[in-house]
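Single-structure report; data block below.
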Amino acid sequence: MKPNRWNILWGALLVAGGVLMLLGALNLVVSGAIWGAFFGALGVAFAFAFLASRENWWAAIPAGALLGLAALIAWAELGPQTRETWGATLFLGALGAGFWAVYLRDRENWWAIIPGGALLTIALFVGLAPVLEETALLAVFFFGLALTFVVLALVTTETGRMRWPIIPAGVLGVLGGLFALGAVEVLSALNYLWAAVAIAAGLYLLFRATGSRRRPGPRA
């Protein structure tokens, strides 16, 4: 799209947004469907900007957020009241998809996998909350986060594959497995273990810090 056409598009959207805000300031009722259509149009504009140039990879994030917000408003207006959480699921899922689009556009943006995977996991968590028990829901949450880091560990960068994501993937996978098995007693015991590990690590750092200060310097 030519620059002058972009100016026309953004100008029209800004005018429309200003009119809606003015109506709200005048205490005039503005239908949620109108706001949803406005946010949807704004999201589509960012999506076009994303598709227009590889340098506009950042536009996928506001595109996902705005399209998700439009979906959230549309669901609140038109969706069944018994499925209210699905609107939040649509919003979080669209926002996560925006981050995945950032990575797929440029594989050097591997960092986008982390918020993308986390947001999709939270979207699934919120969507399944009404139908799953607490332990099963937490298992889905931790398995989703673990899968995010597994995918990150499989990504090839300029220096090769990263190894550090294996650690959080393993820890989160174990936690997900414990919740899936319903091992609540083991999880309660882990609270004491984590506290002991934190205290031991803190004491070790304090010992290293005080020991380095007491160590005499080289003699002249």
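Heads up, the Cβ atoms here are built off N, Cα and C, so glycines get one too.
Given the structure is predicted, the values throughout are model-derived calculations rather than measurements.
Taken from TrEMBL, the feature transmembrane segment applies to 7-26 (among others).
Annotation comment: TrEMBL describes 32-51 (among others) as transmembrane segment.
The transmembrane segment annotation in TrEMBL covers 58-79 (among others).
Here TrEMBL flags 85-103 (among others) as transmembrane segment.
The transmembrane segment annotation in TrEMBL covers 110-129 (among others).
Residues or ranges marked as transmembrane segment by TrEMBL: 135-154 (among others). Sequence-distant neighbours of the transmembrane segment (135-154) (same chain, 6+ residues past either end, Cβ-Cβ under 8 Å): 110, 113-114, 116-118, 120-122, 124-125, 128-129, 161-163, 165-166, 168-170, 172-173, 175-177, 179-180, 182, 184.
What TrEMBL lists as transmembrane segment is 166-184 (among others).
The feature transmembrane segment is assigned by TrEMBL to 190-207 (among others).
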Against which stretches of its own chain does the transmembrane segment (110-129) lie, if we need a Cβ under 8 Å and a gap of at least six residues from its ends? 85-86, 88-93, 95-100, 102-103, 137, 140-141, 144-145, 147-149, 151-152, 155, 157, 162
